[in-house]
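As recorded in Swiss-Prot:
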type	residues	note
BINDING	CYS69, CYS71, CYS87, CYS90	Zn(2+) binding site
BINDING	ASP489, ASP491, ASP493	Mg(2+) binding site
Amino acid sequence: MIDRYKHQQLRIGLVSPQQISAWANRILPNGEIVGEVTKPYTFHYKTNKPEKDGLFCERIFGPIKSGICACGNYRVIGDEKEDPKFCEQCGVEFVDSRIRRYQMGYIKLACPVTHVWYLKRLPSYIANLLDKPLKELEGLVYCDFSFARPITKKPTFLRLRGSFEYEIQSWKYSIPLFFTTQGFDTFRNREISTGAGAIREQLADLDLQIIIDYSFLEWKELGEEGPTGNEWEDRKIGRRKDFLVRRMELAKHFIRTNIEPEWMVLCLLPVLPPELRPIIQIDGGKLMSSDINELYRRVIYRNNTLTDLLTTSRSTPGELVMCQEKLVQEAVDTLLDNGIRGQPMRDGHNKVYKSFSDVIEGKEGRFRETLLGKRVDYSGRSVIVVGPSLSLHRCGLPREIAIELFQTFVIRGLIRQHLASNMGVAKSKIREKEPIIWEILQEVMQGHPVLLNRAPTLHRLGIQAFQPILVEGRAICLHPLVRKGFNADFDGDQMAVHVPLSLEAQAEARLLMFSHMNLLSPAIGDPISVPTQDMLMGLYVLTSGTRRGICANRYNPCNRKNYQNERIDDNNYKYTKEPFFCNSYDAIGAYRQKRINLDSPLWLRWQLDQRVIASREAPIEVHYESLGTYHEIYGHYLIVRSVKKEILCIYIRTTVGHISLYREIEEAIQGFCRACSYDT
């Protein structure tokens, strides 16, 4: 839930009926408790004022105008001398009208109803906890059949003590023959349970720790059995094991969060504050109302009817009561999620009513559009492009975006360095884009991380921190390895950039949100910063080299420069020797001077490593020199031996691309080792 002072956290979950009552109930100065909505009315058609105990009641939700009660009396808000603080005639407190944005009410349901999110949504949490098929639970909730209620230490007519056996509908026709009407009602209320009340009884009797222990024991037994050889049976066992794992995780979550399973069955239905479901008067005197008001009215109408059947008339047939309970359940289902059970409810113009789920979910819902998607200061947006020369923790920020985001910091820097006398002069320098501006901007950005976010933010890697650097152009540059965490592509995707202002936010960005600290997937633990797409193609081109071996390369006339434009004469053709280099720096220098190509084969001097030499491999060629030394040429390496056959040096056959990749890997390993040595 939200802290009332700092507003730093939000938790969404199940609440107890006591908590709902505590949110909605208010004690007036005269000791009267208000909060329950009992009437389905909104405004009086003559006075245009909210109906008492209705959906817009001022006693429950507060006054429409600050300090003015329903009678029209006025009191100064917060004045201790003014007494009393509420109107004794209408019972409305003299408080600020903004209370109608957060003051809730509740409807006391005449029968328990299941929360449709936890029954019908997949996976069904109620079905998982009770380990029963969803269709049977739906039939029980909507009064299609019943089960025998066990009664401890009492004799039962059905003699099914301690068991929950579902009965077919024949009990409605066979069992009543043994009773009078009054006797059958007593028997049904005592030994038969149906509707959401039956679900609530079963959930209340659950021991979550026993569920975890038994589920683990069954999962272990299924794992020890091994495959049966029957593909259908093996799939069935696999599905059962997956279900047991989900059931254990669900039970652990209930224990960890101190939530009782029976809270998934509602006894009190919360009523939203009136300002969140308004009625607006438009031109011509017509009224526009939120769809939720109509759905609330439907619930109250049916609930009041059920209350009358249960309290005023003792001779009401049980079938009629069960039918009315089903109607109340369906009305609450429509309020929470219209259309989840089939055809949605529509108005007179054949328009589907927007339920509570429709209001909060989706791209246009309350969270994504109003709370998460709203415009904020110190933020910008632009297209992302690949920045292969960037470090993993850096991003390229265009100058136009950077100067706008860090404008206040640049102004402070200009004034501190006495380059501007006041804010107006500093803004003038920024508009004229003087060279000193970019120098100060560089200094400001060096120690200030930024947050990059790509919508939709489906997991925590959807927003990460980077160290910004200035780049030319109008696009944000990103390292290609962070693409997968954002689920982004460099084909026109846009990302938002935010500047953390407080020291706490900057510390959190540096310690938890930097991209080089989020290399593993938080869901499964696998590496998420892995080469994909362009990087794989680049690595392939870098390390492909020539496909021809040393022999084919030697006598292939295609090695001659400009061979397409010259006449090939095999008799006058001379082989161009593959160059020798003492170290990788000389090889890369030759490539930069365009003396060799990226995939040109070359000989690179290597350390005396016996692992390079194949013991049983015969040399392809042996070259002797005048001093007695000779070269043994193999497929991928070359050995220089002395007169005494001692190894003087070894050369390996490689390319500039392989050398570049090796140097990058070696540098990364050395950096990792240095970091580990610092930690120890």
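In case you wondered, yes, glycine gets a Cβ from its N, Cα and C as well.
Projection of Swiss-Prot feature records onto the structure.
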| residue | record | DSSP (3 states) |
| --- | --- | --- |
| CYS69 | Zn(2+) binding site | coil |
| CYS87 | Zn(2+) binding site | coil |
| ASP489 | Mg(2+) binding site | coil |
One should report the C-alpha separation between ASP493 (Mg(2+) binding site) and CYS71 (Zn(2+) binding site), rounded to whole angstrom, as 57
Cβ neighbour count within 10 Å, max among the binding-site residues ASP489, ASP491, ASP493, goes to ASP493
For CYS71 (Zn(2+) binding site) and ASP489 (Mg(2+) binding site), the CA-to-CA distance in whole Å is 62
Not counting ASP489, ASP491, ASP493, residues with a CB within 8 A of the CB centroid of the Mg(2+) site are ILE384, ALA488, PHE490, GLY492
Neighbour count check, CB within 10 A, over binding-site residues CYS69, CYS87, CYS90; minimum at CYS90
Rounding to whole Å, the Cα atoms of ASP489 (Mg(2+) binding site) and CYS87 (Zn(2+) binding site) are apart by 62
Cα-Cα, CYS87 (Zn(2+) binding site) versus ASP491 (Mg(2+) binding site), nearest Å, comes out at 64
Between the C-alpha atoms of CYS90 (Zn(2+) binding site) and ASP491 (Mg(2+) binding site), the distance in angstrom, to the nearest integer, is 63
The number of other Cβ atoms within 10 Å of the Cβ of CYS71 (Zn(2+) binding site), counted over all protein chains shown, is 12
